[in-house]
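Here the structure comes first, spelled out in structure tokens, and everything after it is commentary.
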């Protein structure tokens with residue numbers, strides 16, 4: 001990984017998996033030119049979700065959110081590339097799908113805040129923390145993309 005690249009954590013939530021949106025969501029990141037370095041289907045438990053959403057523990061919506069996130073499989077992914085954290089959030093759209101622009105994942109596939117299809121890290125520090133929660137170091141694959149020379153100067 002070069003000094004200009006970073007990694008982000010993107011999760012397709014149970015609603016996105018159940019609705020068959022996985023391939024369309026992954027393709028948005030691939031078409032942008034980002035490199036997939038880790039992927040797995042996960043049934044999250046309370047401990048993982050409490051660590052992931054630590055800033056929301058104790059808030060009124062937290063139990064319902066955890067219940068939803070445990071309701072089905074989550075596709076956990078790690079993407080690598082230049083400015084991928086910020087650009088990943090742009091690709092996803094606003095947290096509330098009704099405030100998301102058409103052309104974003106949430107703008108195209110979401111309606112309700114509680115079913116917003118995806119999660120994306122909101123900072124480089126959050127990305128590192130979330131990647132370490134969801135993946136073991138050996139699950140992150142370091143590989144050279146042949147298309148990188150066509151994407152980056």
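Using N, Cα and C of the backbone, Cβ positions are placed for all residues, glycine too.
As recorded in Swiss-Prot:
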ACT_SITE  119  active site, pros-phosphohistidine intermediate
BINDING   13, 61, 89, 95, 106, 116  ATP binding site
MOD_RES   95  phosphothreonine
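Feature map: annotations from Swiss-Prot on the structure.
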{"residue": "13", "record": "ATP binding site", "Cβ within 10 Å": "23"}
{"residue": "61", "record": "ATP binding site", "Cβ within 10 Å": "11"}
{"residue": "89", "record": "ATP binding site", "Cβ within 10 Å": "18"}
{"residue": "95", "record": "ATP binding site", "Cβ within 10 Å": "16"}
{"residue": "106", "record": "ATP binding site", "Cβ within 10 Å": "25"}
{"residue": "116", "record": "ATP binding site", "Cβ within 10 Å": "23"}
{"residue": "119", "record": "active site, pros-phosphohistidine intermediate", "Cβ within 10 Å": "20"}
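In this entry, 13, 61, 89, 95, 106, 116 make up the residues listed for ATP, with the farthest two CA atoms of the set 22 Å from each other.
Residue 119 (active site, pros-phosphohistidine intermediate) is 8 Å away from residue 95 (ATP binding site) when you measure Cα to Cα. DSSP gives residue 106 (ATP binding site) a helix state. For the pair residue 89 (ATP binding site) and the residue listed as 'active site, pros-phosphohistidine intermediate', the Cα-Cα distance reads 9 Å. For the pair formed by residue 106 (ATP binding site) and residue 119 (active site, pros-phosphohistidine intermediate), distance between Cα atoms is given as 10 Å, rounded to the nearest Å.
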